[in-house]
Number of protein chains: 4
Amino acid sequence: MLGEIKGLNEECGVFAVWGHEEAAQLAYYGLHSLQHRGQEGAGIVVSDGDKLSSHKGLGLITEAFKEGDLEQLQGSSAIGHVRYATAGGGGLVNCQPLLFQSQTTGLAVAHNGNLVNANHVKEELERKGSIFQSTSDTEVLAHLIKRSDETRFEDQLKDALSYIEGAYAFAVMTEDKLLCAMDPNGLRPLAIGTIGDTYVVASETCAFDVIGAEYLRDMQPGEIISIDDSGMHSELFSTATSRAICSLEYVYFARPDSNVDNINVHTARKNLGKEMAKEAPVEADVVTGVPDSSISAAIGYAEATGTPYELGLIKNRYVGRTFIQPSQALREQGVKMKLSAVRGVVEGKRVVMVDDSIVRGTTSKRIVRMLKEAGATEVHVRITSPPITHPCFYGIDTSTKAELIASSYTVDEMRDLMGADSLSFISIEGLQNGIGRDKSEPNCGQCLACFTGKYPTEIYDDTLHPHDKIMNG
Amino acid sequence: MLGEIKGLNEECGVFAVWGHEEAAQLAYYGLHSLQHRGQEGAGIVVSDGDKLSSHKGLGLITEAFKEGDLEQLQGSSAIGHVRYATAGGGGLVNCQPLLFQSQTTGLAVAHNGNLVNANHVKEELERKGSIFQSTSDTEVLAHLIKRSDETRFEDQLKDALSYIEGAYAFAVMTEDKLLCAMDPNGLRPLAIGTIGDTYVVASETCAFDVIGAEYLRDMQPGEIISIDDSGMHSELFSTATSRAICSLEYVYFARPDSNVDNINVHTARKNLGKEMAKEAPVEADVVTGVPDSSISAAIGYAEATGTPYELGLIKNRYVGRTFIQPSQALREQGVKMKLSAVRGVVEGKRVVMVDDSIVRGTTSKRIVRMLKEAGATEVHVRITSPPITHPCFYGIDTSTKAELIASSYTVDEMRDLMGADSLSFISIEGLQNGIGRDKSEPNCGQCLACFTGKYPTEIYDDTLHPHDKIMNG
Amino acid sequence: MLGEIKGLNEECGVFAVWGHEEAAQLAYYGLHSLQHRGQEGAGIVVSDGDKLSSHKGLGLITEAFKEGDLEQLQGSSAIGHVRYATAGGGGLVNCQPLLFQSQTTGLAVAHNGNLVNANHVKEELERKGSIFQSTSDTEVLAHLIKRSDETRFEDQLKDALSYIEGAYAFAVMTEDKLLCAMDPNGLRPLAIGTIGDTYVVASETCAFDVIGAEYLRDMQPGEIISIDDSGMHSELFSTATSRAICSLEYVYFARPDSNVDNINVHTARKNLGKEMAKEAPVEADVVTGVPDSSISAAIGYAEATGTPYELGLIKNRYVGRTFIQPSQALREQGVKMKLSAVRGVVEGKRVVMVDDSIVRGTTSKRIVRMLKEAGATEVHVRITSPPITHPCFYGIDTSTKAELIASSYTVDEMRDLMGADSLSFISIEGLQNGIGRDKSEPNCGQCLACFTGKYPTEIYDDTLHPHDKIMNG
Amino acid sequence: MLGEIKGLNEECGVFAVWGHEEAAQLAYYGLHSLQHRGQEGAGIVVSDGDKLSSHKGLGLITEAFKEGDLEQLQGSSAIGHVRYATAGGGGLVNCQPLLFQSQTTGLAVAHNGNLVNANHVKEELERKGSIFQSTSDTEVLAHLIKRSDETRFEDQLKDALSYIEGAYAFAVMTEDKLLCAMDPNGLRPLAIGTIGDTYVVASETCAFDVIGAEYLRDMQPGEIISIDDSGMHSELFSTATSRAICSLEYVYFARPDSNVDNINVHTARKNLGKEMAKEAPVEADVVTGVPDSSISAAIGYAEATGTPYELGLIKNRYVGRTFIQPSQALREQGVKMKLSAVRGVVEGKRVVMVDDSIVRGTTSKRIVRMLKEAGATEVHVRITSPPITHPCFYGIDTSTKAELIASSYTVDEMRDLMGADSLSFISIEGLQNGIGRDKSEPNCGQCLACFTGKYPTEIYDDTLHPHDKIMNG
């Protein structure tokens, strides 16, 4: 279900377009379809070939951009960004794209992911006189590009990338060129599409559908693409690549209508539900999914087990930023927002509740109780990802190991803690079968670090970005 | 799918609470769960036993009420309202509850439904010197109560109701009493619940779940209930009653987690899908529903036909009031908001698209095209309500008969117009079987007027409220 | 100085225009120039000959009207209103013009003044079945017009006016006619102007200057003017008239660039300063006025005494509604907003501080202390109105007699309470000489009730509108 | 009169406080009193000894800071800034104080003035790898501090200042120290005050009055003061100093209640009016000043000539950012906002109109016409500054020489252009006599560059900051 409820959040969606006379508008609609990847801030930088112009704002893109803001962004190329800001690191100054204006040229940077050695590099840069306005690790890239001795923009970027490690899908733009780069492990997705002669790049393909673009291909680990008025060119900045795309993109983050690295997300999820059904079937009356992200898996589980799929849980569509929170007294009395159990569906029934993941476990516990209070006689919890036991350093806000319930409790203990009648997590194998990537690649080309603790990159002592997090992995 | 897309809109949700120290807060959360019944304005009036206080605003309840607004509404009883305003009749002055202050006592009125003889009564009242501030038919009730020669508040209300005809679920409050009334046909739903000694009344039971209230019973056609500090009392103001609840409440309007007149809406819809499957099965690869209101029916159709249910259409959750509309050029290029077809699911597939109703037909046409552009090889449209051929005069904004596509075209013509490979509407019988109300009642206790033209009340020449609508029925 | 600081507030400014294609725009600019008469709400109703349309909002007119609001108000005639709302009686529902829609015709009413028998009339109307949506006394007029048996609109208004007493300048508009009326004592000002064939009516002539209109004449006590496409017509609805215009309009309320009943306000105030100088000269180094309303009088006092006029007190121009108030600790430490004494001007000097009036005395006390803290060696207070000892029932919020410092203390006591070295109030004669109206009229045609307790109309027990005020006069 | 009307604008006000538990609040009130120095943006950075926190926003400080924003700024020291943004260089990113966060320490910078060699230094820094986020010249200082090889903060600042030239009053803060610096010519004012043990620094002394602080002294050209918990320390970073304070601070910018370099601004202006009277007396009936900044001078002129001072021009106090501009048609018809001539005062009179300066001449022309249309028989314009013939490079937005009317026309030509009956500018001598600074200093310690073209610092080809301005001086 939604990150906002559970505390599992990916940081950011990236969009870029080159060569379209309504570039800012396309970015607006593209980012709008990526809104699920970040709701704390949004920004667009356009180039008119001569100068870069920027507009950013806090909140949803519909809040950050008002009628008229788009009109000010004249130009045929644009990069854009939606951001999830962790507490303390928020504020407009950290919204992206970051824009740097020099005497001769501008530079805009948008980033999805997280650098694991940002603090090391920052210290080094500060020793050399750099100063930073944001607390974002993204600013590092701009400094590295600027300090490069290379002259070709692509080479400056390559040079800069040689200093950084971690997860990144970057879009970097000057007045006359757009570069995109993907880290050697391809941890975050980035796809390329076209509308006639126009190139578009986006974190997910749902952004192509919304603007009528055609999917061309996904970017490759270690690849830089360069787009300008002469077309698109590709080169590798690293050959030591090994695809390890974040498994949770399929399980949880991406929109079901997106294809991630050429696999449809809804279908992958439905298959995860089917795998789950094979691994942990249970006698029950109804199957329900936690909206929105677990619906597909619940359908698959229902289909595979022959148990009816029902809407046993409903999400209120009108919960917004400005919602007035209930008082403690009302909350205890049972006032609940966001999610309700459907009494007419679950009363007197044995319910399979399919969810995509468990982080702290508090939300799952609340939902189990909700279902029981609505009359469910049994609640069987099925989780379509393995237990998350290790923190993520690649852009997902899974906090410290201590907060991950699966790192401290057994499955049986967790079942009891949440008051469920049974609890099963999918196996690593089930996860890989369900998603259905190429089995010939190591780990099927997936990052499994949060389940296994085996990180595809080196991890530094100070990787854990802000707020005194301590790495236990 | 959503009324905002299709132009089929019910006007309003009503909520009332008596005897709770956080009455305004409960109203806020209750109305929030009724938000799908109206997004144009929201209001709450509270009584502290001594005086009535009001706050109203345009937009969603989260927009109309800011932190602090609730705190100003001190009192242990409240009535509230969310409103869908038809064009031209909007503005804050028409937002409800309407509040009337006299020298001696206040009177607040909230209304769901539509009076068919409002203009007649208004004219009569104006001849006697009444003046009206709103264009709402609801104001009529207050004038009639005020002019009654009766002394008991219940009798004044009865007196007033004797002059009006049509669809109404009323909540009426003075400083020391709450009255609710349902029209003799029970066209609009209204349910009663409790939280300990507190009484709550709401258009739908989902409002009870959200505040932790227990369902007690539905109101009966021709019933007035009176609630004050001595408890709840019931009486009938009319015995010429015959239940004819709006069929579209089940098909389309109500939230799936609500029970309407004691029937769960999701279950009813799923059964409509199953009935549809019996009436019009088709060889296909996937079944998909138009989100949100047709999901349940699609699940039922899939289950009954054994065709896999898939998320073939996705709705963007972040579309809001402040959304910047795409230019005509972009729209033609294919920029689409709100709804996308999922290429990864429908490409190369024969698709059954289940929808709840067809009004003008333009949206259905758009969705069929969207599915085909995403690669569907066939699109079979199944509609879980019969063709809507007649306008509604009971609070649903189905405009004039001329705008209703089914009043001008045959099913085959409609199929061709929307480019579908097949099109079926459920039969009246299928509708009644699916919803599953008591078959011993005339029409199973349902209003079928929009399908049959047989209205349960008299209809007047000037019924068609504002804006020069012409009745063809 | 400003009413907001002192608690002396007039309620409302009225504006009307007939026969101009940008009627709403003219109303906007006209009301903007009348903004000093009320900052709590603003509204405009336009007629396009066929129907009335309205927009109202809380706050300044620049806050209540946004780009686009004016465009929606299409029509060639308009009435508008700016309002000062007393506590408790606020809210949008009480903002004017009030608009009443009947089956046949609309009616809009804007009012400056206060009716002294509103409650009597309201009770009578409620007995006959009227219901009221606002707590405003203005709504009474609409009911009376509506209930009139007359057929001509002018006669209906005359009929209605025969029931009410008090202070009023009314603008009343239907789709095809504009009527304005002034009470038989002419307590509140209302002037008529023209722009070519267009007629405009406004509470003050400054509204004419701002829109390029020419002053025609002031309305007369007991006069109704009727304006429609055939031109302007005048008639008297009462012959028992006796001009008694509010003295404080000259002293305090009106803008210095307005002419009120053909006398320039700045000039009147300057002459009041000169009269004051004759009555109470004092040896001093500088004369300063309390901004903004006492500047003119201070200039006159300085000129007459030969003492230099200086800016000894400065008002901060940027104080607005959204200002964050200082904490108590900071306030005690001396944080002051709105008004500062200019140390560089008053240090070591004997200062004459000219102010226009004293209501509760708290502000005057604060200013005297401010001047002394800034180094003034002596502070001599000169007030250009006589002591206010009686409440106003004609639209000025002077509260109860108990709150009026001059009703409980002698001049010497007040001087000591405020820590001044001397204190003088202008005499009634000085007031009349300064303003310079026709001496042949009784009281020079001025209302002096707040100084003398002699009210020009009858006063009723329940005159004191809301909030349990008790009349002591 | 106001810069907004005339296009003559100073950029910025600076405020700092050290050692007060409500530091952010004091900054808020201090900046509020400096609001006339900049209305486009406001910001405050606080230190709690451990870290720096920031809040900035566009618009007035009452718009940029909402209830709650101040509470988030916990700390006992603060620097703040109000900004006037020239077109194109606006946006939140350019609002100050600029805040730079490094791994080890934060740095906040607020600046009033303009650096003449900013572009030179920026280019040099960019060559060394610096990147800039803002287009503000202020960012340069932070980079220079950061790159300094010195270890003591004061020495780093001295080092940095050695590279820059121009006009500056800087407040620079780290977690544990506040530094303020004034350029060697002291072009912009900066004064020091105290509240007990608390130090405050502000662009003008009116900020002291508002918070109850006592004036200590003005900063000296070439001085750095350092304030921390051990108290205040002063040192000179340059001995090649020569006071050349901006003359227009006295004539126009500063608030009349401020003392600038120990001279009261109101008194200085009044004396300018008296000097003007000596230089260019004229037979007239009334003297009026253009509000607000020319009021004092008009009083002085009136006093010296014995002509009565009157309010012949009135400014509307309610003009705000959200004001809807009149259509072209209405503007031609005479709709005027902001300023009106008082017909009752000027009709049939010979008027002396005192204004402080003429930049483009368009406003003066409009006012003369306004007075004549209101009936003035003669209008004699008296300007209390000499003709502005050269652009300012020290922070005043006087644009290019070409736009300065006095650089292209003689006084007689200007008189005819604006339709005045006579026009006189004060002489340089009159200006110096009126302000009354020490005559033993060169140019009385005043900068006269905009009148004479003799700039106190070197001027570079690219001094003319953004937007392709060309220097003609």
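Each residue, glycine too, has its Cβ placed from N, Cα and C.
Just so you know, TrEMBL annotations never went through curation; they're auto-generated.
The domain 'Glutamine amidotransferase type-2' feature in TrEMBL is assigned to B:12-230.
Secondary structure at B:Cys12 (active site, nucleophile), as computed by DSSP, is coil. According to TrEMBL, the active site, nucleophile annotation covers B:Cys12.
The DSSP secondary structure for B:Cys447 ([4Fe-4S] cluster binding site) is strand. The Cβ neighbour count for B:Cys447 ([4Fe-4S] cluster binding site), using a 10 Å radius and every protein chain shown, is 26. The annotation [4Fe-4S] cluster binding site is assigned in TrEMBL to B:Cys246, B:Cys392, B:Cys447, B:Cys450.
In the shown protein chains, 25 other C-beta atoms lie within 10 A of the C-beta of B:Asp355 (Mg(2+) binding site). Residues annotated as Mg(2+) binding site in TrEMBL: B:Ser293, B:Asp355, B:Asp356.
The Cβ of B:Cys12 (active site, nucleophile) lies under 8 Å from the Cβ of B:Arg37, B:Gly38, B:His81, B:Val82, B:Arg83, B:Tyr84, B:Gln96, B:Ala110, B:His111, B:Asn112, B:Gly113, B:Ser203, B:Gly395, each of these being in the same chain and 6 or more residues away along the sequence.
All protein chains considered, the CB of B:Cys246 ([4Fe-4S] cluster binding site) has 28 other CB atoms within 10 Å.
If you compare Cα positions, B:Cys392 ([4Fe-4S] cluster binding site) sits closest to B:Asp356 out of the binding-site residues B:Ser293, B:Asp355, B:Asp356.
B:Asp355 (Mg(2+) binding site) is 17 Å away from B:Cys450 ([4Fe-4S] cluster binding site) when you measure Cα to Cα. In the three-state DSSP classification, B:Cys246 ([4Fe-4S] cluster binding site) falls within a strand. Of all the binding-site residues given, namely B:Ser293, B:Cys392, the one with the smallest number of surrounding CB atoms inside 10 A is B:Cys392.
Other than the site residues B:Cys246, B:Cys392, B:Cys447, B:Cys450, same-chain residues with C-beta atoms no more than 8 angstroms from the centre of those residues' C-beta atoms, the [4Fe-4S] cluster site, are B:Leu187, B:Ser247, B:Leu248, B:Tyr394, B:Ile396, B:Leu448, B:Ala449. Rounded to a whole value, the Cα-Cα separation of B:Asp356 (Mg(2+) binding site) and B:Cys447 ([4Fe-4S] cluster binding site) is 17 Å.
In the three-state DSSP scheme, B:Asp355 (Mg(2+) binding site) is classed as strand. B:Cys392 ([4Fe-4S] cluster binding site) carries neither a helix nor a strand DSSP state and counts as coil. Look at B:Ser293 (Mg(2+) binding site): DSSP puts it in coil.
Between the C-alpha atoms of B:Cys447 ([4Fe-4S] cluster binding site) and B:Asp355 (Mg(2+) binding site), the distance comes to 20 Å. The Cβ of B:Asp356 (Mg(2+) binding site) has 26 other Cβ atoms within 10 Å, all protein chains considered. Around the Cβ of B:Cys450 ([4Fe-4S] cluster binding site), a 10 Å sphere holds 28 further Cβ atoms from the protein chains shown.
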